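Annotated features, as they stand in TrEMBL:
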BINDING   Pro92, Leu93, Thr94, Arg95, Gly96, Leu97, Gly98, Ser99, Ser100, Ala101, Ser102  ATP binding site
DOMAIN    63-145  domain 'GHMP kinase N-terminal'
DOMAIN    207-270  domain 'GHMP kinase C-terminal'
Amino acid sequence: MSYQSVQKVRVKVPASTANLGPGFDSLGMALNLYAWIDMAISDQTTIQLLGDQMNGIPTDKTNLIYKVAQMVFQEAGVVYPELEIAMYSDIPLTRGLGSSASAIIGALAGANALIGNKLTSYELFQIASRLEKHPDNVGASLYGGIVVAFWDGERAESIRIEPDVNLEVLVAIPAFQLSTEKARAVMPKQVSMKDAVYNLSHSSLLVAALSTGNLGMIRHAMKDALHQPYRAELIPGMKTLLEQAEDHGALGVALSGAGPTMLALVDARSGQKDELEAFLKGTLAKEGIEAETLWLKPSQEGVTITLLQENDGDLQSRVEGGVLV
Ligand code: HSE
């Protein structure tokens, strides 16, 4: 197959929330909080990390973005060992907002664009699911909107749902980090048939509610028996939020991915937005947990690519000029 390589690309990739309560490892939603990656084929590898979110991330060839880009080249049968990479992100790390999935999708899409999109989006989704193991975050960052997906250890499949125009998302991001490994380690290895059926029925109903815009059904459907009851012990205040957020104006409430961020779905027309935000913050504060709240929307778009020209500013000048869109 012939293809043309391009000089330099800028990738914009959304954050994501996984599970949405009952859809453990299978339901995700892209959020309008973004990371940007500039990538160019070069004769010497340089990795520039911009902003406050990047502390501790390596800047040598062990960097995740560099390594994932090399996987794309390998899969496509080309050799470009040296890359110029710059990254800026508004997505907090290790908080349950899919920062690593965003990095993987950004690197896959950027490297693929550099070689003229030799791989399809579907192929990128397969690689990303193999790397992340959970297709919910990577699917949402890749395709945007709401994504229903599976990964069976060999292949991943997904369908995208258009988010309802009135859907808003309130997240409360605790100041502490929680690794996915730790949040998965507290879960039981086996579950009862009763709990399995509980989640099947609630997750199916939630997908139907989100597909049909039946926002009133979310409060009944967004309930989980597989992971949240166990993870609640890691996040003081979570149990109260799960039990009471709907009384304060949420359509539904869940742990975002593996946490510790808590997420409420909200009807944009609700008159209780301030009340809900105060309830989330106040409940966590009572437990001594400082949390930042953010009002977000589902991101309609997944990863997007711009081919950069000579006179386009570099990522650093864009960040410093406050002109990243
Ligand atoms: N579905 C995953 C979990 C999300 O809840 O552990 C984190 O990748």
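Cβ from N, Cα, C; glycine included.
Recorded features from TrEMBL, shown on the structure.
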| residue | record | Cβ contacts under 8 Å, 6 or more apart |
| --- | --- | --- |
| Pro92 | ATP binding site | Gln53, Ser99, Ile173 |
| Thr94 | ATP binding site | Gln177, Leu178, Ser179 |
| Gly96 | ATP binding site | Thr17, Ala18, Leu178, Leu255, Ser256, Gly257, Ala258, Gly259, Pro260, Thr261 |
| Gly98 | ATP binding site | Ala15, Ser16, Thr17, Ala18, Gly28, Ile91, Asn137, Ala140, Ser141, Gly257 |
| Ser100 | ATP binding site | Leu64, Glu132, Asn137 |
| Ser102 | ATP binding site | Val13, Pro14, Ala15, Ser16, Tyr34, Ala35, Ser89, Ile91, Ser141 |
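Look at the domain 'GHMP kinase N-terminal' (63-145): DSSP puts its residues at 50 helix, 7 strand, 26 coil. Neighbouring residues of the recorded ATP site, listed in sequence order and excluding Pro92, Leu93, Thr94, Arg95, Gly96, Leu97, Gly98, Ser99, Ser100, Ala101, Ser102, comprise Ala15, Ile91, Gly257 (Cβ within 8 Å of the Cβ centroid). Confidence in the domain 'GHMP kinase C-terminal' (207-270), given as mean pLDDT, stands at 97.
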